[in-house]
Amino acid sequence: MGDRGGAGGSRRRRTGSRPSIQGGSGPAAAEEEVRDVGAGGDAPVRDTDKDGDVDVGSGHWDLRCHRLQDSLFSSDSGFSNYRGILNWCVVMLILSNARLFLENLIKYGILVDPIQVVSLFLKDPYSWPALCLVIVANIFAVAAFQVEKRLAVGALTEQAGLLLHGVNLATILCFPAAVAFLLESITPVGSVLALMVYTILFLKLFSYRDVNLWCRERRAGAKAKAALAGKKANGGAAQRTVSYPDNLTYRDLYYFLFAPTLCYELNFPRSPRIRKRFLLRRLLEMLFLTQLQVGLIQQWMVPAIQNSMKPFKDMDYSRIVERLLKLAVPNHLIWLIFFYWLFHSCLNAVAELMQFGDREFYRDWWNSESITYFWQNWNIPVHKWCIRHFYKPMLRRGSSKWAARTAVFLASAFFHEYLVSIPLRMFRLWAFTGMMAQIPLAWIVGRFFRGNYGNAAVWLSLIIGQPVAVLMYVHDYYVLNREAPAAGT
């Protein structure tokens, strides 16, 4: 056979045909391949065509088709392209939620009623207490401005200014809380919105006071470099720089109050123009997502919450867990939509209108592998304020990092409870407890979970933790406002 192969090879050479080894056919080629395998240990890699199929060529002598390799799902394989599995997960998620949606429609019918939403804001169409509260907030902004004007010219001492600012800031928190708690005509939703406005005003005026104080301290240290001090105080980025005390104008104050940030600067980064198409997209997103959230709450969450009251009353723990898991899906979906609506659509729309240049309102919190990373990246405006006006000042005063972090969580827990308990007119401290529980949870996740496991733990805390707080408050509110009056009659 070897001689015949050799003769065949020489005959092809004489007739001008291609060599047998190029086509991979013939016993000689096969024998050569066997020798190569014996020397190298692996089968030669076959040529492939443009579709990825092996180029068969003119022969049929495939003596070896196996090689040393791992399965794709093995960690040693190095394979990482699971795009098809991700698409499968998305398809399964859509199908499972479509089934839940159809089940909900069959069981309850269409519950979406946009007109009913108006009643959440107004009890009396001729009485708008929440809007009146928001308008009154201007008084506190003007008061802070007047204090700063007098401090700038030396008409007030720093101690007197600190006292006046403290009284003003304390009143900002106490005044709307008293009105919301005592005024019967204000609705819980209207109360929440008014208290959110006052909370934002509190944080902004706190920052306004701090930055102007830093400017005065630098001016006192080097009066000859007042303009440079004002530039350094805000980070040194501006097309048209303003120095202290030239920043103390109503125009500057109200630009800051409406800007999508909580941290004051003398010179904010500004975008060159308003992009009309970008702004229109954000406005359409705001409109669509608002309607979507209202529809999901009315159609999906409200029935789930109502059906959860009986298991809580009977203390049927298995049914409570089942209702909790049933509520977790719509609650988490609405929370994700709310995040996009607020931090991307709304804040970008406001920033575009005001040509506010810093658009970092969130970072990649969805990749969080620890609870700490999540809280540092999901709400950048609040995070920047906490670092600049709370965390770093505590460190400069000698506090430890652990004490400063605990104080930040404590302040956050207070404001969460402030925005929930006062509108509902009941104090159960569920929101406060939930926020303070983040401290040991952050330690546990950081200590025992890494990588994808840490990310899964963060997602699990978001998906399960929020519905627990929602059910606690709804149950207590239901008992307080439904069963108590019925028992009294």
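The backbone N, Cα and C atoms fix where each Cβ goes, glycine too.
Just so it is clear, the model here is predicted, and its values are computed rather than measured.
These features come from Swiss-Prot:
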type	residues	note
TOPO_DOM	1-80	topological domain 'Cytoplasmic'
REGION	1-54	region 'Disordered'
TOPO_DOM	116-127	topological domain 'Lumenal'
TOPO_DOM	154-158	topological domain 'Cytoplasmic'
TOPO_DOM	182-188	topological domain 'Lumenal'
TOPO_DOM	221-274	topological domain 'Cytoplasmic'
TOPO_DOM	310-316	topological domain 'Lumenal'
TOPO_DOM	355-400	topological domain 'Cytoplasmic'
REGION	355-400	region 'Intracellular loop 2 (IL2)'
MOTIF	361-367	motif 'FYXDWWN motif'
BINDING	Trp375, Gln376, Asn377, Trp378, Asn379, Ile380, Pro381, Val382, His383, Tyr391, Arg405, Tyr478	acyl-CoA binding site
REGION	381-395	region 'Amphipathic helix (AH)'
SITE	Glu417	site 'Important for catalytic activity'
TOPO_DOM	422-429	topological domain 'Lumenal'
TOPO_DOM	483-489	topological domain 'Lumenal'
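Taking the features listed in Swiss-Prot, we show where each one sits on the structure.
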{"residue": "Trp375", "record": "acyl-CoA binding site", "DSSP (3 states)": "helix"}
{"residue": "Pro381", "record": "acyl-CoA binding site", "DSSP (3 states)": "helix"}
{"residue": "Arg405", "record": "acyl-CoA binding site", "DSSP (3 states)": "helix"}
{"residue": "Glu417", "record": "site 'Important for catalytic activity'", "DSSP (3 states)": "helix"}
C-alpha spacing of Glu417 (site 'Important for catalytic activity') relative to Asn377 (acyl-CoA binding site), in angstrom: 22
Among the acyl-CoA-binding set Trp375, Gln376, Asn377, Trp378, Asn379, Ile380, Pro381, Val382, His383, Tyr391, Arg405, Tyr478, as the record gives it, the longest Cα-Cα distance in Å: 39
For the binding-site residues Asn377, Asn379, the one whose C-beta sees the most other C-beta atoms within 10 angstroms: Asn379
Across the topological domain 'Cytoplasmic' (154-158), average pLDDT on the 0 to 100 scale: 90
Pairwise CA distance, Asn379 (acyl-CoA binding site) versus Glu417 (site 'Important for catalytic activity'), rounded so that it is a whole Å: 18
Rounded Cα-Cα span from Glu417 (site 'Important for catalytic activity') to Pro381 (acyl-CoA binding site), Å: 20
Euclidean distance between Cα atoms of Glu417 (site 'Important for catalytic activity') and Arg405 (acyl-CoA binding site), Å: 18
Intrachain C-beta neighbours of His383 (acyl-CoA binding site), sequence separation six or more, cut-off 8 angstroms: Trp375, Gln376, Asn377
For the topological domain 'Lumenal' (310-316), distant same-chain residues with Cβ under 8 A (at least six beyond the ends): 322-323, 471, 475
Counts of helix, strand and coil residues, the topological domain 'Cytoplasmic' (154-158), according to DSSP: 1 helix, 0 strand, 4 coil
The topological domain 'Lumenal' (310-316): DSSP-derived helix, strand, coil residue counts: 5 helix, 0 strand, 2 coil
